[in-house]
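Single-structure report; data block below.
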Amino acid sequence: MFKHTKMLQHPAKPDRPDPLFAKKMQEILGGQFGEISVAMQYLFQGWNTRGNEKYKDLLMDTATEELGHVEMIATMIARLLEDAPLDQQEKAAEDPVIGSILGGMNPHHAIVSGLGAMPESSTGVPWSGGYIVASGNLLADFRANLNAESQGRLQVARLFEMTDDKGVKDMLSFLLARDTMHQNQWLAAIKELEAQEGPVVPGTFPKALEKQEFSHQLINFSEGEVSAEQNWLNEKAPDGEAFEYVKEAKTFGEKPELKPAPPFVHNTLPGRE
């Protein structure tokens, strides 16, 4: 069950309208690593968690907060689009250079959403459920969460550098702070799960069933041997085994040769040599 509080978690009010920045801000709303993605990712991970109540609550708490961030950013986008001086835009558009800049505004904001946010990226790509990860393996999922928060915070930081609007910066500063917390919480939870299950996912798969002679080899597929300069090659692997550097990649299989396709699929016939 969800309950909507009719107040934002943090203010979302720009100093002035800016339809072009509204377009840019769509990325942290409906882009691959935007707030819609992390909210849905955490929700489905939480709903699918079995027998780990403290992690389920952690996921649901964070997911619910992210829904509030969706609301904040959508509100900010709408406010960046409202009160735009249309008469001034029309006059400015008579200049071909300025007109081309104004043409960079997201037309969806005017045509589709009526000066409101859309569930899409800054380039108009619709949000997709294919962006989310919810595997049922918490260690794998929490690593995906760490990546999502890292990419998301990076994009917010870049947006912060693109504006001088104090109201926008104020909200972005809050989002940066919350992403700092979320990165830290996933790092801490990952460390806890690694102590229980080991660092390799899934930790429940029998080692005897994998070809262990290849399990810790760093294979050089490049010219030169610069990849051998990794300091960690001289240390134990995170799972306690020893790393091995292979200077030159070797082949262990045969040349792949396929049978001709059956006539009914109408493939190109094999050439005669």
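For all residues, glycine too, the Cβ spot is worked out from N, Cα and C.
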Kindly point out which candidate in GLU27, GLU35, GLU120 is recorded by Swiss-Prot as part of the Mn(2+) 1 site with GLU66, HIS69.
GLU35
Per DSSP (helix/strand/coil reduction), HIS182 (Mn(2+) 2 binding site) sits in helix
For the binding-site residues listed here (ASN220, SER222), which one has the lowest count of neighbouring CB atoms within 10 Å of its own CB?
SER222
If I take the alpha carbons of GLU66 (Mn(2+) 1 binding site) and HIS182 (Mn(2+) 2 binding site), what is the distance between them in whole Å?
11
How would DSSP class GLU66 (Mn(2+) 1 binding site) in three states?
helix
Output field, Mn(2+) 2 shell: CB within 8 Å of site CB centroid, site GLU66, GLU149, HIS182 dropped
VAL38, TYR42, THR62, GLU65, ASN145, ALA148, GLY152, ARG178, ASP179, MET181, GLN183, TRP186
